[in-house]
Amino acid sequence: MQIFVKTLTGKTITLEVEPSDTIENVKAKIQDKEGIPPDQQRLIFAGKQLEDGRTLSDYNIQKESTLHLVLRLRGGAKKRKKKNYSTPKKIKHKKKKVKLAVLRFYKVDENGKIHRLRRECTGEQCGAGVFMAVMEDRHYCGKCHSTMVFKDDDK
């Protein structure tokens, strides 16, 4: 029977084969006509790659069927070069965890009375729980940037 083999260039080769011929035999016939080694050939029929050990009848290849010949590609993707950094990586800032940090804001005297060590911000957007930083001559809120200046007798 006669089958056709279409190459990548669009050229069609005609081969005389039998249904009992193996795919290896077909590849050998293509090598005789085109000079392409069988290990570089891949034959495709009905969207499937044909395996060397099987016959044409296994794939239901009949007379005047068309096989597509593509070349086997060796290797994979291009190997990427490892990046080499010229400056060392910046160390990420780690927040220090202070156990019972609330104890820094209040003081308990011997009578059991609680005294606030820091002043809470009075700004509208701040509210309770936002303490102001103590400077030499003022209190400063880091959130709303309000400042309360001491008078000499206020300290």
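Indices start at 1 and increase along the chain as displayed.
Just so you know, glycine gets a Cβ as well, placed from its N, Cα and C.
The domain 'Ubiquitin-like' annotation in Swiss-Prot covers 1-76.
Other C-beta atoms found within 10 angstroms of the C-beta of K48 (ubiquitin cross-link) number 9, with every protein chain shown included. Under the three-state DSSP scheme, K48 (ubiquitin cross-link) falls in the strand class. Feature annotation from Swiss-Prot assigns ubiquitin cross-link to K48.
According to Swiss-Prot, the site 'Interacts with activating enzyme' annotation covers R54 (among others). Applying an 8 A CB threshold to same-chain residues 6+ apart, the list for R54 (site 'Interacts with activating enzyme') reads T22, I23.
Under the heading site 'Interacts with activating enzyme', Swiss-Prot lists R72 (among others). Within 10 Å of the C-beta atom of R72 (site 'Interacts with activating enzyme') sit 11 other C-beta atoms, taking all shown protein chains into account.
Feature annotation from Swiss-Prot assigns zinc finger to 121-144. Across all of the zinc finger (121-144), the predicted model scores a mean pLDDT of 83.
Rounded to a whole number, the distance between the Cα atoms of R72 (site 'Interacts with activating enzyme') and K48 (ubiquitin cross-link) is 14 Å. Long-range neighbours of the zinc finger (121-144) within the same chain, counting only residues 6 or more positions beyond its ends whose Cβ lies under 8 Å from a Cβ of the stretch, are 105, 150.
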